[in-house]
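Chemist: Below you will find the structure I want to go over with you.
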Amino acid sequence: MAVNIAILGFGTVGTGLPTLLSENKEKLAKILDEEIVISKVLMRDNKAIEKARSQGFNYDFVLNLDDILADSEISIVVELMGRIEPAKTYITQAIEAGKNVVTANKDLLAVHGVELRSLAQKHHVALYYEAAVAGGIPILRTLANSFSSDKITHLLGILNGTSNFMMTKMSEEGWTYDESLAKAQELGYAESDPTNDVDGIDASYKLAILSEFAFGMTLAPDDIAKSGLRSIQKTDVEIAQQFGYVLKLTGEINEVDSGIFAEVSPTFLPKSHPLASVNGVMNAVFIESEGIGDSVFYGAGAGQKPTATSVLADIVRIVKRVKDGTIGKSFNEYARSTSLANPHDIENKYYFSVETPDSTGQLLLLVELFTSENVSFEQVLQQKGNGKRAVVVIISHKINRVQLSAIQDKLNQEKDFKLLNRFKVLGD
């Protein structure tokens, strides 16, 4: 027998599926005792069809989703179009038509995941999306299965390959933000509009999905604090290294007694931290749990073959669940009420880069300002000034989010001081 699937969108990942099906044909046959067949492919227009055929692909290419929905032989629809629309509409229609769905669309899932999962359960079909987070790392299924008997207290990830590539260039080769972005765009890692990558939006979408699997809580995009790379200067990167850290864009979730706190931000990681050596476009997820302890999952965050492999794994899982009669079960079965942490309960050390007048007594004034909010210094570095302005760099002891906000407000209100940058610092 054959399992017939349809693909919506035949770009980088979509064109990688046929190769994987061919390379793993024998293994898949032994696992499933069935063959997975690409029955139809939805294309954008006739020009796209001609291009695909010129590349040697001879599938039943269609321009109308109804051709797929009306085909009773097709049991799985694989959405690889990206963006929220028309993907949301197409997935909704596929679910309502009784089709199981696989998608790699993190943007869609972060914004409309609750609605789509509810619809899938209503129609007793599967909605799987392993490839939506850290494409080549099977992190979602690992969280759903291997950590089902464990309590996760902390998750830290490098979740965006583009920003990690840029930070690697800035850290290892001394490039500026603009230079590293230009190279990322030249290599095709970053879009012409890099907003989602450099402002932490892409990573926040992935973090929202990870929250559901690791903590059982659904986060709206606005529940996640976000800051990106645009303000980072070469001096920030150099000072991080001087103090024994590496600067990375991370996504982090902490659970405390009052709830969870999620944030995407540039972070000073100790050079000894497992994620400090994750470079280039690679992704990694670091997990602290009460049972297992510390775990690290590392792999490609994107790319044709890694992402297509995760997509195919979802297809295989659906076929197996259909055979054993458990297809109606949710991809993630761990859910509880969402509780956001009290900002008084979230503590970290912080790096502050502050521009001051280059005159006697300014450091003392800065100390007094921080002391007024009960913030003490772990490390201080006063850089050589130009006679008019100087820069003071501070790493604080641990402070909570309320203290952090108060310090930032006071610095911004002081006419003689200018807060250049503020980054989270991990480590004891």
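Cβ atoms are placed via backbone N, Cα and C, with glycine included.
Not measured: the values here are computed from a predicted model.
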Chemist: Which of G299, G303, G325, G328 does Swiss-Prot put in the same NADPH site as F10, T12, V13, R44, K106?
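Modeler: Checking G299, G303, G325, G328 against Swiss-Prot: the NADPH site match is G303.
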Chemist: Between the binding-site residues K106, E191, D202, which lies closest to V133 (Na(+) binding site), Cα to Cα?
Modeler: K106
Chemist: Check the DSSP secondary structure of V13 (NADPH binding site), expressed as helix, strand or coil.
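Modeler: V13 (NADPH binding site) sits in a helix per DSSP.
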Chemist: Roughly how many angstrom lie between the C-alpha atoms of G188 (NADP(+) binding site) and V13 (NADPH binding site)?
Modeler: 15
Chemist: What does the DSSP secondary structure composition of the domain 'ACT' (351-425) look like, as residue counts for helix, strand and coil?
Modeler: 23 helix, 31 strand, 21 coil
Chemist: Based on Cα distances to E130 (Na(+) binding site), point out the closest of the recorded positions R44, D202, K206, G303.
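Modeler: Considering only the listed recorded positions, the nearest one is K206.
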Chemist: If you measure every Cα to Cα pair among V13, R44, K106, G188, E191, G303, the residues listed for NADP(+), what is the largest value in Å?
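Modeler: Largest pairwise Cα separation, rounded: 22 Å.
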